[in-house]
Amino acid sequence: MEKRLKKSRYITGFDGIRTLAVVAVILYHILPGSLKGGFLGVPIFFVLSGYLITDLLLQEWEQSDSISIKDFYSRRIHRLYPGLVTMVLGTTAYITLFQRSLLKEIKTTILANLTYVYNWVEIVHHQSYFNNFGAQSPWTHLWSLSIEGQFYLIWPVVLVLFLRLLHNKKNYLKIGFGVFGVAILSAILMAALYHPGNDPSRVYYGTDTRMFSILMGVGLACIWPSTRLKKDLDKSHRVTLDVLGAGALIAVIVMFFLMNGEGTFVYRGGMFLFSIVSMILVGIVAHPGADLNRVLTNKVFTWLGKRSYGIYIYQYPVMVFYEAKVKVGSHPLLNALIEIAIILVISDLSYRLIEVPLRRFNFKKTFTVLKQSLGFKKKQLWNDLGVVAGAMILGIAFYGTFFCKPETNGVFQKDRSELQHQIAANQKKVENRNKHIKYTSEQKPTKASNKDVLVKNGNVTDKGKAFASNLQISGIGDSVMADASATLQGEFPKMIINAQVGRQASAAPTVLKQMDANHQLANTVLVSLGTNGTISQDTLNQIMSILGPQRTVFWLNVHVPTKPWQNDVNNTLNQAQKQYHNLHVIDWYSYSNNHPDWFYADNVHPNEYGLKFYGNFVLKSILEYYDH
């Protein structure tokens, strides 16, 4: 029997903090160009969880001189498992019915999520959090729940050991400062394991490199326990708290807009700094004498905050399933609003029908309750329908998990397999060819003779082909350029290509510096980036600064109709073309938009037929520039 403790003060402003965090995360995923630092909502959740869990455990210790680990685990399971299991079953059932290609490795994925080790499974399988293109998983975001689950499993045991070792049973300062020390070590490990230019998913997913945010909340609870905070304060102390709280809130919002998930600063101090600011915000809101708690308390924040768990866990399934059926690129805002509405409806149903009712449900009496609910009386109709619907979802999910094979023969799957093989083969060819091409540190300016006509009546002339054969040109890109690399080097035999699947524009500055150091940057540069996410103005400025005003830069815009950042990327490039006289946008989007037969089923990568048009269009675009 779970022992009853005195009810603790419910801090309403925490719902406001949860709202800020979940809104930031949702916008980051659905409209990435609108809030590039929205991923920082997760550290806020971590800090808040660390504080709340530790504060509740310390209250139990103060009231009874003991902590029931068993009761704690029971409360956590009742709080988290109903929503999570329902989402997992519902998602699996949908996949079984409509998107069977995602059934691959589903048993491992489900088991990893239910045992809270999914983040480590992603690390072991070298999965990227930042590769926003391809067959996205509806489970990707659950890595953070795994870190929290590991914290819930380990921390109560560790805390009890620490409390029993203390001479002063009610002095938690030593524990708090010790925890802060471990948090600093975690942040140092993140900085050490991060390598600029490489995919940061290892440090992004790792419990060891992310736990500093949770530990800051833990440390705060030890030195700032809610039960010892007094409402009655003199004016000076109240003003101090309000100023600190307002500053922390403003800093959090500003960092949402400024921080970049793949920027070096984030992993070498930035996320640690943000966690400190979040800790201050949580601490001020927790204080009953501060006004910030009231500022963050209103009906909207309370509604969203109470449903933030459901909103968070359902966001990715809705996004992945919706964007697989709808081309969101042309109307990103409208589609984002539809996706958000769907997420809110589902999360509200989950909260009212699953999470709240099952929070105090005695699962030992499950079969008794089912038997009673199936009385087939008129007033029990909704209960009966709920049981039947639940049984159907469970049955479909069970079939999909254990008996249904992943779809491998569909058009998308065939195309994906063919594309992967083509990119792999192209990259080997490119590596071999790149070894035999090096540009001198002093290159002559690239220009055509005034007498030469490179393109005539829309066709490349023999002199144009000869010019292209001798043109020194460097290419940097993502999977689209990797797909087209053999075609491009066929048109430009002296072209050096550096293309990588999943590459974001933010990785380009580091890659370009390395290419320059290796004498692989020609006077003419072709860029193909933006497939996997937005391009920030800062990143674009860095790229153009490294290339310098003397180089001629051609940048292919993107055709990504299933992603919300398509128009944002293309608009950014159009504006940049006005800013930099040596930057020229090759409008691949307009040229290819009405030709779905040029693409694989993903509508992004040119197929064998489309590559002919792609290569010729790039060739003509570059030659037409030099022709004039």
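Heads up, the Cβ atoms here are built off N, Cα and C, so glycines get one too.
Sequence annotations record features per position, and here TrEMBL assigns domain 'Acyltransferase 3' to 12-347.
If one looks beyond the transmembrane segment (12-31) by at least 6 residues along the same chain, the residues whose Cβ comes under 8 Å of a Cβ in the stretch are 37-42, 44-45, 48, 52, 141, 252-253, 256, 261, 281-282, 285-286, 292-298, 300-302, 304-306, 308, 311-312, 315-316, 319, 332-333, 336, 339-340, 343, 564. Summarising the annotation, TrEMBL assigns transmembrane segment to 12-31 (among others).
Listed by sequence, the residues of this chain that lie at least six past the ends of the transmembrane segment (37-58) yet keep a Cβ under 8 A from its Cβ atoms are 8, 14, 17-18, 20-29, 67, 72, 144, 147-148, 151-152, 155-156, 159, 172, 210, 213-222, 225-227, 252, 255-261, 271, 274-275, 278-279, 281-283, 286, 312. Positions annotated as transmembrane segment by TrEMBL: 37-58 (among others).
Proximity of distant same-chain residues to the transmembrane segment (79-97), defined by a Cβ-Cβ separation under 8 Å and at least 6 residues beyond the stretch ends, is recorded for 103, 106, 110, 113-114, 138-139, 145, 149, 309-310, 313-314, 317, 321, 350-351, 354-355, 358-359, 361, 392-394, 396-397, 399-401, 404. Residues or ranges marked as transmembrane segment in TrEMBL: 79-97 (among others).
Residues or ranges marked as transmembrane segment in TrEMBL: 142-163 (among others). Through the fold, the transmembrane segment (142-163) approaches residues 42, 45-46, 49-50, 53-54, 57, 61, 67, 69, 72-73, 76, 80, 84, 112-113, 115-120, 122, 129, 169, 175, 178, 205, 207, 210-211, 214, 218, 313, 316 of its own chain, all at least 6 residues removed from its boundaries and within a Cβ separation under 8 Å.
What TrEMBL lists as transmembrane segment is 175-197 (among others).
Per TrEMBL, the feature transmembrane segment maps to 209-227 (among others). The list of residues near the transmembrane segment (209-227) in space but at least 6 beyond its ends in sequence, with Cβ under 8 angstroms from a Cβ of it, reads 8-9, 11, 42-43, 46-55, 58-59, 62, 147-148, 151, 155, 172-173, 175-177, 179-180, 182-184, 186-187, 189-190, 193, 202-203, 271-272, 275-276, 278-279, 282-283, 286.
Within its own chain, the transmembrane segment (239-259) has Cβ neighbours under 8 Å at 20, 24, 35-41, 44, 233, 265-266, 270, 274, 277-278, 280-281, 284-285, 287, 289-292, counting only residues six or more beyond its boundaries. Per TrEMBL, the feature transmembrane segment maps to 239-259 (among others).
Taken from TrEMBL, the feature transmembrane segment applies to 265-286 (among others). Long-range contacts of the transmembrane segment (265-286) within its own chain (CB-CB distance under 8 A, at least 6 residues past either end) are made by residues 11, 13-14, 16-17, 40, 43-44, 46-48, 51, 55, 183, 187, 190-191, 194, 200, 203, 212-213, 216-217, 219-220, 224, 226, 229, 241-242, 244-245, 247-249, 251-252, 255, 259, 292-293, 296.
The transmembrane segment feature in TrEMBL is assigned to 307-324 (among others).
Annotation comment: TrEMBL describes 336-354 (among others) as transmembrane segment.
According to TrEMBL, the transmembrane segment annotation covers 381-402 (among others).
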Suppose you look only at the domain 'Acyltransferase 3' (12-347); what would the mean pLDDT be?
94
Cβ-based contact of the transmembrane segment (307-324) with the transmembrane segment (175-197), 3 or more pairs under 8 Å:
no
